[in-house]
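Let me begin by presenting the structure, written as structure tokens, before commenting on it.
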Amino acid sequence: NTMKLALLLINVTLLFIGTCGGPLLMRLYFTHGGKRIWFSSWLETGGWPILLIPLTIAYVRRRLSKPSTPTKIFYMKPLLFLASTVVGILSGVDNYLYAYGVALLPVSTSSLVIASQLAFTAGFAFLLVKQKFTSYSINAVVLLSVGAGVLALHTSGDRPAGESNRQYLLGFFLTLGASVLYGFVLPLVEYSYKKARQEISYTLVMEFQMVMCFFATALCTVAMIVNNDFQAIAREAREFDLGEAKYYVVVVVSAIIWQCFFIGVVGVIFCSSSLLSAIMIALSLPVTEVLAVIFFNEKFTSEKGVSLGLSLWGFVSYFYGEIKLKKKLKKNTETETVAPSSTPEP
């Protein structure tokens, strides 16, 4: 239990780093001259070779611990490989929708819209993995959904300069589409774990992540070739407002940060559930909001204030319900343990 809790905390930390840092770096790319949507999508999963380092270390440890027996390079069986391929392709499409939305929306607005994925994750988790809900978790989902919906009521308050209302709305609905699709992807990962027909270890989780990111990156690579993005990267770097060197720094760091996000997501699902993973993504919202206001001087409108308040209320409701549920289960267990025997005395 202690090791599992430690692993959960590590993955939550990675998820927070990715959720907060990824959108900020992506917005930095767009606000200083970056224009390539598919390239931004590619960066979200293009850092997958980093996973070869921990996987190689895990392989060496397995081989040293059992030198007399053959050591498998990969644990993944065909069924789980197929599942990770499907998840990867869906993730590639989701990355494009999200990158397009971030290109048109302020970070604070796009983050609040993405928070609505909790509602979609909850719905798909109920259908795919039979997720159980309490009145508190339902309340949290409703509050978070309403909080994101408030942003659609008045779109002109934080529209970037020079951007039409049509472009802003396009960004809003593309981001919402990304939220719906990723709300499906998270329970699909959990469902894949349950139907894998093999024991799920953390090494296998990293393999799943690597294959998923590989196919998402492959999809974006094909699109970049068709769109001539590779030929435009050098020119875009030279014209970048912050300088050519910083352009490549932004690109490399962005790929690393996004990889932290994805390994954190699948790790939290492995340690707990897809719903908790979605909760953690939404929980990073206040931090992202503050960072966006600090680094990009974005307006904090009244609509965002209402949305943020509803979101925080939803977080508190969810965790309060989880604490109460655990206390109730613990109390029931203790009662059953100390209950007197029903066998009559002789």
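Every residue gets a Cβ built from N, Cα and C, even glycine.
Per TrEMBL, transmembrane segment is recorded for 37-59 (among others). Sequence-distant contacts of the transmembrane segment (37-59) (same chain, six or more residues past either end, CB-CB distance under 8 Å): 22, 26, 29-30, 71, 73, 88, 91-92, 95-96, 98-100, 102-103, 203, 206-207, 209-210, 212-214, 216-217, 220-221, 223-224, 227, 229, 233, 251, 254-256, 258-259, 262-263.
Among the features that TrEMBL reports, transmembrane segment is placed at 79-98 (among others).
Annotated transmembrane segment per TrEMBL: 110-129 (among others), in sequence order.
The transmembrane segment annotation in TrEMBL covers 136-156 (among others).
Here TrEMBL flags 168-189 (among others) as transmembrane segment.
According to TrEMBL, the feature transmembrane segment maps to 201-227 (among others).
The transmembrane segment feature in TrEMBL is assigned to 247-271 (among others).
Using a Cβ-Cβ cut-off under 8 Å and counting only residues 6 or more beyond its ends in the same chain, the transmembrane segment (278-296) has close neighbours at 12, 15-16, 19-20, 23-24, 27-28, 31, 106-108, 111-112, 114-115, 117-118, 121-122, 140, 144, 183, 186, 264-265, 268, 304, 308, 311-312, 314-315, 318. Among the features that TrEMBL reports, transmembrane segment is placed at 278-296 (among others).
According to TrEMBL, the feature transmembrane segment maps to 302-321 (among others).
Pairs of Cβ atoms less than 8 Å apart link the transmembrane segment (168-189) most often to 110-129, out of 79-98, 110-129, 201-227, 247-271. Below 8 A, the CB atoms of the transmembrane segment (302-321) and the transmembrane segment (110-129) form 3+ pairs separated by six or more positions in the chain.
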